[in-house]
Amino acid sequence: MSSSAAARKRGKAVPGVGAAAGAGKRRRKGGAAGDGGRSGGGVAEEISSDSESESLAPRRTKEEEEEEELEETAQEKKLRLAKLYLEQLRQQEEEKAEARAFEEDQVAGRLKEDVLEQRGRLQKSVAKEIQPPGPADIRVLRGHQLSITCLVITPDDLAIFSAAKDCTIIKWSVESGRKLHVIPRAKKGAEGQARGHSSHVLCMAISSDGKYLASGDRSKLILIWEARSCCHLYTFTGHRDAVSGLAFRRGTHQLYSTSHDRSVKVWNVAENSYVETLFGHQDAVAALDALSRECCVTAGGRDGTVRVWKIPEESQLVFYGHQGSIDCLHLINEEHMVSGADDGSVALWGLSKKRPLALQREAHGLQGEPGLEQPFWVSSVAALLNTDLVATGSHSSCVRLWQCGEGFRRLDHLCDIPLVGFINSLKFSSTGDFLVAGVGQEHRLGRWWRIREARNSVCVVRLRRVPVPPAAGS
């Protein structure tokens, strides 16, 4: 029997054998517990037994770690939401600041416009945005039997008043084109008072609040109407010849009138009273206009002058430039105006200079046989308030739109609107969305000749505007 076998019988462990077997068993257990690949002596045994006894500890640690992770995630979520909320508050404050800055810019812009308007220097650029109107943009309103002589648009742009040589006044709806009211030729009432005109109506004006309508005729009368109901209110007498021009001072009920008797009169419509009379023209006055200032401008017809009347000082400024009879004029702003004459010229004026800033001769071309050509008369002018857009009318089968150059020192032709007949009156709507033309077979002030193919009508021309993109680099 070998020594090793004898030793096993005696119960003694042979060094190396039992240890190796035990280590083998422990290695298998360690492998099952996940502690594989380790071998060795007692230290290895202790490590293996420790890992066995603490095999449940990592599970608790993982759960705790998971709970800790969940708790941290909630905290992170709260932190994230708090940051998001602060970011939203910051963005809202930035938007409010931008809105305030934008409003301040708008207010500053409006204040600047108001200051420029008061100084008469405001010139908004809109002319280049106007697209040439086509036939579909023109509506024709028929109702008068004779030539249209004058028209006005209500301040809200909802209605048009037109008057004609047939002594009638018609109120039209801009939207539908229907007649809202007709003031017929004068008939004697029960009390013997006239309730209409008995002769050609030559001029009209409407107050800036839309309350009063004034109309003047060849019978030297000015009739005051309640614009909404077309009820007759007052009759002003005092002129000694045909009343040819009327205008309300903006923001007031002060009325200016002019006549072929060469005078300018001032009236207070709200108080039904006469104020004063001014003299200066040397011939029949053909037209008058006014804005907010206590002054008015007149076209002196054959005396060849345009005059600015300063009412409080009872003084006047005299301007020269046209070579023919000045038949029409219109204020562009408080410091500039446009006028037209029967010599075919259109002039732009600054009230600080006695000569035109710009003069466009033969504005509507020439007519007549070769060698005997004469310019088409300019019978009406209009300007879109505080802008660079001007319209002129003649009997050249078109209305012409013009752009006033920088500083009103140039007049550039934009486009033509085809209309046959004498264009006796032109008015832009306050927004510039449409232009109204009073068309007749005869001139407003006489019967020198007649265009038979023309139709006595009110033409409403829609003006389409397309914003012009800013220039590159601006």
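Note: Cβ is positioned from N, Cα and C throughout, glycine not excepted.
Listed features, source TrEMBL:
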REGION    1-74  region 'Disordered'
COMPBIAS  13-23  compositional bias 'Low complexity'
COMPBIAS  31-43  compositional bias 'Gly residues'
COMPBIAS  64-73  compositional bias 'Acidic residues'
REPEAT    141-182  repeat 'WD'
REPEAT    194-229  repeat 'WD'
REPEAT    236-277  repeat 'WD'
REPEAT    278-319  repeat 'WD'
REPEAT    319-359  repeat 'WD'
Practice task
Taking helix as H, G and I and strand as E and B in DSSP, count the residues of the repeat 'WD' (319-359) in helix, strand and coil.
Solution key: 0 helix, 21 strand, 20 coil
Problem - Structural state census, the repeat 'WD' (194-229) (DSSP three-state) - result: 0 helix, 18 strand, 18 coil
Completion exercise
For the repeat 'WD' (141-182), the DSSP helix/strand/coil residue counts are 0 helix, 22 strand, 20 coil
